[in-house]
């Protein structure tokens with residue numbers, strides 16, 4: 001920037017434009033000319049503050065250069081000199097991904113969907129030969145915790161320090177996360193994956209109810225109306241679901257309530273930590289919460305015949321590899337969901353979350369060949385459409401609130 005101003009100032013003061021001369025020669029000419037016109041050239045402020053005032057007129061570098069028909073010719077030697085001298089004032093090179101950020105965002109969405117679908121399919125396949133959801137839930141969290149510890153050890157990411165104050169706000173979130181995670185898996189083991197996800201579509205209804213009646217935050221009537229098809233669709237799907245049983249239904253409902261309280265406590269647990277570190281600490285705490293119930297409820301059965309039956313059906317290698325990969329997929333898809341939210345607007349993420357549920361339900365029906373009645377299919381479609389409508393309206397309301405605060 002300074003070199004460009006010197007070039008133009010030389011032409012203005014001396015009246016002899018020499019555009020192709022080296023920069024050092026121009027600087028020497030400028031110094032000589034400036035000393036000759038000290039009486040009516042008084043500099044005011046730095047270049048960063050708007051340029052100099054010469055003969056009572058302020059020179060603005062960019063405007064002056066833009067007005068020159070020969071500006072491209074002037075800039076060539078300056079840029080060349082910058083390149084030769086290694087000056088950082090040269091043009092910043094933008095990489096391929098920087099030019100096409102939508103490719104990165106699209107990749108995040110693809111991996112989020114892909115890992116979620118693979119997790120749900122592999123998870124259900126494990127339950128078909130190893131129906132112990134408490135133990136499998138512990139494995140999900142254990143593999144994720146090991147992954148976080150290894151990542152911290154190599155500094156990707158750097159571990160954020162934690163103290164008793166941070167733990168006090170994270171523990172309630174982790175407890176609700178643990179309960180919701182275990183009950184979701186109990187439902188996955190008891191009924192079809194598609195039916196569990198249909199019931200879990202009611203989560204926005206529980207979130208709205210908690211905000212209205214527990215937190216005292218008024219919910220617009222448009223949001224309540226958008227939830228009506230969600231409730232209706234879930235009811236229709238439940239009445240004719242071929243794999244229906246009360247254990248799966250009630251467990252999924254408890255999961256909805258637990259994740260609702262997790263959202264409430266998360267709003268109170270705002271910390272300066274990045275999302276990756278927060279999720280790592282929540283996973284560690286949730287692992288310790290899930291261990292005692294798994295030992296008490298399923299421990300004796302696992303030691304008696306659970307492990308032996310699973311190994312007899314699929315072999316030791318497949319059994320261990322299935323547990324490892326289902327834990328990895330669980331952790332990675334949750335982490336990618338958070339990373340995707342950081343890259344897109346809330347509305348885009350909300351719609352993406354609804355489409356993710358559609359993908360999971362559709363792929364689970366195809367992979368496992370689950371037979372569904374016509375009413376169940378219609379009810380599931382209505383519920384998903386209601387969730388999409390609710391997500392769009394809610395995201396727009398939140399965006400209007402943010403714009404109102406910044407205005």
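Using N, Cα and C of the backbone, Cβ positions are placed for all residues, glycine too.
TrEMBL does not curate its annotations; it predicts them automatically.
Look at TrEMBL and you will find 100-122, 134-154, 166-193, 214-238, 244-265, 277-296, 316-333, 354-370, 376-393 tagged as transmembrane segment. According to TrEMBL, the domain 'Sugar phosphate transporter' annotation covers 104-391.
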If we call contact 3 or more Cβ pairs under 8 Å (sequence gap 6 or more), are the transmembrane segment (354-370) and the transmembrane segment (100-122) touching?
yes
What parts of the chain pack near the transmembrane segment (316-333), using Cβ distances under 8 Å and only residues at least 6 beyond its ends?
111-112, 115-116, 118-119, 122-123, 125-126, 130, 136, 139-144, 147-148, 283, 310
Other than its close neighbours in sequence, what residues sit by the transmembrane segment (277-296), given a CB gap under 8 Å and a spacing of at least six beyond its ends?
134-135, 137-138, 141-142, 144-145, 148, 151-152, 157, 159-160, 162, 166-167, 170-171, 173-175, 177-179, 181-182, 271, 331, 334-335, 338
Between the stretches 134-154, 244-265, 376-393, which one has more Cβ pairs under 8 Å with the transmembrane segment (214-238) than any other?
376-393
For the transmembrane segment (244-265), give me same-chain residues lying six or more residues beyond its boundaries with a C-beta closer than 8 angstroms to one of its C-beta atoms, as numbers and ranges.
169, 172-173, 176-177, 179-181, 183-184, 186-187, 189-191, 195-196, 199-200, 202-203, 206-207, 209-210, 214-215, 238
May I ask for the residues of the chain that lie six or more residues beyond the transmembrane segment (376-393) and have a Cβ under 8 Å from a Cβ within it?
194-195, 198, 201-202, 204, 220, 222-223, 226-242, 347, 350-351, 353-354, 357-358, 361
State the mean pLDDT for the domain 'Sugar phosphate transporter' (104-391).
89
